[in-house]
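Per Swiss-Prot, the feature transmembrane segment maps to 10-30, 56-76, 87-107, 120-140, 172-192, 200-220, 230-250.
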Amino acid sequence: MLPYPQIDPVAIAIGPLQIHWYGLMYLIGIGGAWWLASLRVQRFAPEWPKDKLSDLVFWVAMGVIVGGRLGYVLFYDLAAYINQPSLILQVWKGGMSFHGGLIGVLLCSWIFARRNGKSFFELMDFIAPFVPIGLGAGRIGNFINAELWGKATDVPWAMVFPTDPQQLARHPSQLYQFALEGVALFVILWLYSRKPRPTMAVSGLFAVCYGIFRFIVEFVRVPDAQLGYLAFGWLTMGQVLCIPMVLLGAGMIAWGYRREAGRAPA
């Protein structure tokens, strides 16, 4: 068993002002994605002035934060937030939904694309390779918060999390997700997108890979207490949301390549 590193969730405290690691991880993720996007933006939109990428990052960040929080409220714990709406603003305590954040990003990106005369799907293909940076940073934030831990296990790398009332050795599922949704997904998308691909192929690959990775990790992750398992004694809300994501992503890839083949000269 590995010891859980005792990390104060508050990274910086200046008087009554507290800056939490959870929030810092989101800033690091957004900043890292911004920097990587700046390396490729000229290939995607050579006509853009320098501040246009900043505008895009702002819109995407708003989609992540607002969509992620509202998605968690709607998908995972609606009753609690209806009873105490002020909890919605307490984002430093955790409670962000990837699928809600994805919906928020899609909506904000659609608005941005319309305003700037860009194809929505081409914009999604540009954004997709940078998303794992934010996902990975967010999972580290979950780990520091000692939340979203896994099931009890006897694997050598199991950990006892201080927030676990049972104090059992558990899978560090946040680190599994960091490795898959952050590192592995970034490598796959970064390498795949180095060459021109059919429209929707890169974003479709993101949807497929994320959905598969998340579906797998959910088997060792403890479901949200207020929901539990939805069916069969193992199906979680995260898995339910990933199934249409994988199917849609596969359809996007197939459609993109079929459309590209139809354009090829005979």
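Heads up, the Cβ atoms here are built off N, Cα and C, so glycines get one too.
Beyond its flanks by at least six residues, the transmembrane segment (172-192) meets 2, 128-129, 132-133, 135-137, 139-140, 142-143, 147-150, 157-159, 202, 205-206, 209-210, 213-214, 216-217, 220-222 of its own chain at Cβ-Cβ distances under 8 Å. Residues of the same chain lying 6 or more positions beyond the ends of the transmembrane segment (230-250) and with a Cβ under 8 Å from any Cβ of it are 75-76, 99, 203-212, 214-215, 218-219, 221, 223-224.
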